[in-house]
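Look at TrEMBL and you will find 1-19 tagged as compositional bias 'Polar residues'. Marked as domain 'Major facilitator superfamily (MFS) profile' by TrEMBL: 245-441. Annotated region 'Disordered' per TrEMBL: 1-36, in sequence order. Annotated transmembrane segment per TrEMBL: 83-105, 112-131, 137-164, 176-199, 205-223, 244-267, 311-330, 336-359, 371-390, 402-422, in sequence order.
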Amino acid sequence: MSRASFSDGSHETAVSSPSAPDRPKLDNEENEESVPEGGYGWICVVASSLISAHTWGINSAYGVILAHYLSNDTFPGTSALEYAFVGGLSIGSAMLISPVVTIIVHHHGIHVTLVIGAILQSISFVASSFAKQSWQLFLSQGLCFGLGMGSCFVGSVGVVSHWFHKRRSLVNGITAAGAGLGGLVYSLAAGSMLIHLGFAWTMRILGIVSFVVNLICGNLLRIPSPTKPNGNASAFGLSALRDIRFILLLIWGILSVLAYVALLFSLSSYSVSVGLTQSQASVVSAILNLGQAFGRPVVGIMSDSLGRVNVASGATLVAGVLCLVFWVFAKTMVTICVFAIMVGTVSGTIWAAAAPLTVEIVGLRHASSALGLFWLSLGPPTIVAEVIAVQLRNQATDTFPYLLVQMWVGALYISSAVFLFFGKFFDRVRGKIELEKPQEV
């Protein structure tokens, strides 16, 4: 019996029995021969990257906006915990809507999905510009933005995998790098606009720009016919839960995203807490995103040659070590910026690696449904990630106000790396067992 390898990237041959030529194709092998490997796919890579920049990239600027809220008491009476909940709600709702988005994609196509997402995200920014109370912020910048971002992201994230096989990790890395570039640009832009234009017009400009870009890029996306998902496919991909490798992938994703969100939204306010100005904190946030823009394609390139699990688990482990041994002692502008660029290269590995790893396990036909389940599982942890970080800050000492947060983030990254790497160990053990089984005559 043949087995599909989860641990070896895209270049190592699976273990096969003598009867392999007569067997039917496995789910994760089907239609790989018909993948175009480029062509119009490169247009889709650029479009998907720009969508990432104008969804996750803009969302990355919330760290700067959060620092503005806290410094200027924009919504009087609103606590840091409530502001943290707004950021968590935006990401959480983006993940929780994934099954609904998957159904819309299967039955109505990518374009309808992206139009819905672009409209919702634009409405969220414009509505938040008129918000006067915190509950209005929860509904606009939290819930509505998350639903729009989720529609755009979940609807587009799997497209490039249908165009590439050998360079699948690379193109997913390039797509994910758009979030880093967008975060770099919009962290600096939001910081400047908040100072010179005020909160209301900053939100309106972000809404208008993101609407135009997401609408145009969404219209450019295509999936080649031989690899299109089944219109009757499940939105949840529950069959994937029968595979221990997918369960380990889910655990890796949950722990990684808890750490990622806490780091992303805490670094800017941490910078202010150690004496940096709000403008300098915006620069720190931008540098973190610059690291992500550089690191995600590198993760993709290395994954295609060294193995996707090897690189994803290794990069996640490095992120944890950096938080434990570097972030704790970074208290000046220079050291914080060095930490930001270094941790940025590896902290968001999940966004570059999740789709290729999922395709390896379930195959292209079922990737959309399995990814829907993957993103859904990230919903609850993303909602509470920054809330937990704020609570940990409240329990810390004045000397090291973010120490518990730093330890928490580091431990999460390291733990997630261990779970993902165990999937490779399990895969090898399973292969050995199958080789030792007597062959049917």
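Think of each number as a place in line: the chain as shown, counted from 1.
A Cβ is built for glycine as well, from the same backbone N, Cα and C atoms used for every other residue.
When Cβ distances are compared across the two stretches, the transmembrane segment (402-422) makes contact with the transmembrane segment (244-267), since 3 or more pairs at least 6 residues apart fall below 8 angstroms. The largest share of C-beta pairs under 8 angstroms with the transmembrane segment (205-223) comes from 112-131, of the ranges 112-131, 137-164, 176-199, 311-330.
If you look at the transmembrane segment (244-267) against the transmembrane segment (311-330), you find at least three C-beta pairs under 8 angstroms, all six or more positions apart, and that counts as contact. Contact counts against the transmembrane segment (371-390), taken as Cβ pairs under 8 Å, peak for 137-164 among the stretches 137-164, 176-199, 311-330.
Here the transmembrane segment (311-330) has long-range neighbours at 169, 252, 256, 259, 263, 295, 299, 302-303, 336, 338-339, 342-343, 345-347, 349-350, 353, 357, 400, 403, 406-407, 409-418, 420-421, 424, meaning same-chain residues at least 6 beyond its ends whose C-beta is under 8 angstroms from one of its own.
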